[in-house]
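The structure appears below as structure tokens.
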């Protein structure tokens, strides 16, 4: 009988030890788990950052995964040229090529009958001819006056490759593809001995009510704002400037009671498009009080300070900001490395080790 009790207590002690070990492992894993929330207005580049995490930290996209984006890429390309030709009527811009009016009619007819996400050789030729028309190019230059995908020129300039038989999208094609995010998308990866759980939440107004579910236990917020959106209006409300909306949103996030102790990193994104645009469109279109030089550096710093000045607790809370180009893998890799170092430093500070 004594032997039975002894082996039972041994078994119990063993179970207890295993449970203790598991609890310790869970606690260590939790301590190394970083919950990252990607927030920002619609079309600020959040989903592109998520794609970059897959490329940088999860072995990228396989050929099969790239092929899954083919229909999206064709759909983005078609929607872009349709948006431009539709805007030509609104902006009263004429075609230069006599054949273009007929091409436009054919384009619209084919768009209505073709299966979504497909590209026939005939359709590709029509799109190429229209894209070459100087009137279409003039309309494209005024893209901030209507809604057009940022990737329009990327795909339309490369239509020969994209429409070729046997086309397989590459990672850059995937990064430029655009699908509106609805709901919450979670991506997990490991880096610098940390386990990241990154949450991408739809940025358009109708999606924002879902954010509240993500707020608990957030380690760090990455807020994305498109620098190039300073002369653009919202898709969901054409009375509202996109930059003003972004500032309003950042203000509510930055000073929210939920995030009093949360690290906040500001990604001033689409710096490549901003650099191109700022030479043509003065920043005063968005900030009438701005009288400085319309250079990338001066105008970019002014926008950055507009965001940073919204922080009501500057003495307690530092906002870290980076100029980014979400489609540039090396840039995102460099910036995310810096963000991870901030997270590690903040964690050490919380533990009293820094």
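Cβ coordinates come from backbone N, Cα and C, glycine included.
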Annotated stretch (region 'G3 motif', per Swiss-Prot) among the listed ranges 156-165, 186-195, 196-205: 196-205
Count of other CB atoms lying within 10 Å of the CB belonging to residue 47 (Mg(2+) binding site): 22
Helix, strand and coil totals (DSSP H, G, I; E, B; other) for the region 'G4 motif' (265-272): 2 helix, 5 strand, 1 coil
Secondary structure at residue 175 (GTP binding site), reduced by DSSP to three states: helix
Entry from the binding-site residues list 175, 179, 326 having the most other CB atoms no farther than 10 A: 326
Closest of 44, 175, 201, 269, 326 to residue 181 (Mg(2+) binding site), Cα positions, binding-site residues only: 201
Which of 44, 181, 269, the listed binding-site residues, has fewest other Cβ atoms within 10 Å: 181
